[in-house]
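For reference, the structure is listed below as structure tokens.
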Amino acid sequence: MVSPVTVVKSEGPKLVPFFKATCVYFVLWLPSSSPSWVSALIKCLPIFCLWLFLLAHGLGFLLTHPSATRIFVGLVFSAIGDAFLIWQDQGYFVHGMLMFAVTHMLYASAFGMRPLGLRTGLLMVILSGLCYAFLYPNLTGAFTYVVGVYVAIIGFMGWRAMAGLQLVGAAWRWTELAAGTGALLFIVSDLTIALDKFCFPVPYSRALIMSTYYAAQMLIALSAVESREPVEDYRLSKAK
């Protein structure tokens, strides 16, 4: 088991470019009303840095750890989605949603299906259903279906990320903590986007959306550092 302190000490320096790029985004705070390739680059820069963070562990690491590879590819689709959302008012919002839907499926695949965590899954089904029920009266046209599918996909990703948190004590590894927290923050970010776009203006929505989004992506990238092993292995080791 790798402790959070050990991860911070070993991986913190590799994340310095990410933190700097994130600061650049918030300091420049380019107006969203004037989309440009410069604003797209500034928005995507922290995600590019997370690419480099994973690549810094070597191509061999990615090739021998399928979950890390899927998270890396998910970050690639995230950057494409970020670029599309810069021009969301010009008709590219659905394109961005599609890219992030692919991202969530890749992340869910990286998190795996063990342990199954049926209770966590049931909870996510209930929460996802409540979110969609709240959004539904404000959805029109294709968004009625597109948003429903997206909610189901991100809910599934959240389930797979948090399923490993069902045990306590030594079974809680950094991988599950980072993945679960990252997924939760991603859901908060996307829910804020949905509320602000379809329901009502959310105060300081952009700051809330981007801060939770960048934190989520960082934590999910960090979850790839320690190779994921089934939590059932912990039960077996305890039984011995």
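Every residue, even glycine, has its Cβ placed from backbone N, Cα and C.
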In Swiss-Prot, Arg70 and Trp174 sharing a membrane side: yes
Stretch contact, the transmembrane segment (207-227) with the transmembrane segment (22-42), Cβ-Cβ under 8 Å, 3+ pairs: yes
Which of 71-91, 139-159, 175-195 contacts the transmembrane segment (44-64) most, counting Cβ pairs under 8 Å: 71-91
Three-state composition of the topological domain 'Cytoplasmic' (65-70), taking helix and strand from DSSP: 5 helix, 0 strand, 1 coil
